[in-house]
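Taken straight from Swiss-Prot:
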- GLY46, GLU47, SER48, ARG105, ILE133, ARG134: L-glutamine binding site (BINDING)
- CYS78: active site, nucleophile (ACT_SITE)
- HIS169: active site, charge relay system (ACT_SITE)
- GLU171: active site, charge relay system (ACT_SITE)
Amino acid sequence: MKIGVLALQGAVAEHLRMLEEVGATAVPVKRVEELDDLDGLVIPGGESTTISKLMHKYGFMEAVQEFGKANKPIFGTCAGAILLAKRIQGQDDYHLGLMDIKVERNAFGRQKESFEVLMPVADVGADYPAVFIRAPYIMEVGENGQVLAKHEDKIVVARSGHYLAAAFHPELTEDTRLHKYFLDMVKEYRS
């Protein structure tokens, strides 16, 4: 399985390492044409407005939308989850609009309110270490979506078909289970 990590901003190297650890061939994606031979894509965290502007500037917005519409799995973490969402609280532009979720940006506070917590994630396991940095939360999941985890009664991991969104940064831990879950999704959609 060949999985790309959108390499415009964020913890790209960390995602690449995690994907390699779970058995994927992981590559940074810096040009639109590099999407062509991928089985799945990770959109890492960073600053969602900045990533969105870079995606527009370099032609990734439409290309990633087509990638998703071709039933290729996409995993968005933190800002990547915001970009995947169909709806963003108080904002209508600068996102992919692929996953049937509604998100609120910076829902757990600013940089200084960052924290780490152990939490259960359905289909992944207990005691998953979740690192929240200026994290969003998922306000709503569409009728075909699945809530995989909550923190303080707020949805922080959801799946809808071939899309996976996490409000936190799984790549900033040593726990590879969520990346393994995504790799299994990619295998499921490839077969």
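A Cβ is built for glycine as well, from the same backbone N, Cα and C atoms used for every other residue.
Fair warning: this is a prediction, and the values are worked out from it, not measured in the lab.
You'll find the Cα of SER48 (L-glutamine binding site) roughly 8 Å from the Cα of CYS78 (active site, nucleophile).
Long-range Cβ neighbours of GLU171 (active site, charge relay system) (same chain, at least 6 residues apart, Cβ-Cβ under 8 Å): ALA11, GLU14, HIS15, ARG17, MET18, PRO44, THR77, HIS179. Taking the Cβ of ILE133 (L-glutamine binding site) as centre and 10 Å as the limit, one finds 19 other Cβ atoms among all the protein chains shown. According to DSSP, ILE133 (L-glutamine binding site) is assigned to coil rather than to any helix or strand. According to its DSSP assignment, SER48 (L-glutamine binding site) is helical. Within the group of recorded positions (ARG105, HIS169), the Cβ with the highest number of other Cβ atoms inside 10 Å belongs to HIS169. Each residue contributes its Cα atom, and for GLU47 (L-glutamine binding site) and CYS78 (active site, nucleophile) these two points are 9 Å apart. All protein chains considered, the CB of GLU47 (L-glutamine binding site) has 16 other CB atoms within 10 Å. Spacing of ARG134 (L-glutamine binding site) relative to CYS78 (active site, nucleophile) is 8 Å (Cα to Cα, whole number). Around CYS78 (active site, nucleophile), the C-beta neighbours below 8 angstroms that are at least 6 residues distant in the chain are GLY10, PRO44, GLY45, GLY46, ILE133, ARG134, ALA135, PRO136, ALA166, ALA167, PHE168, HIS169.
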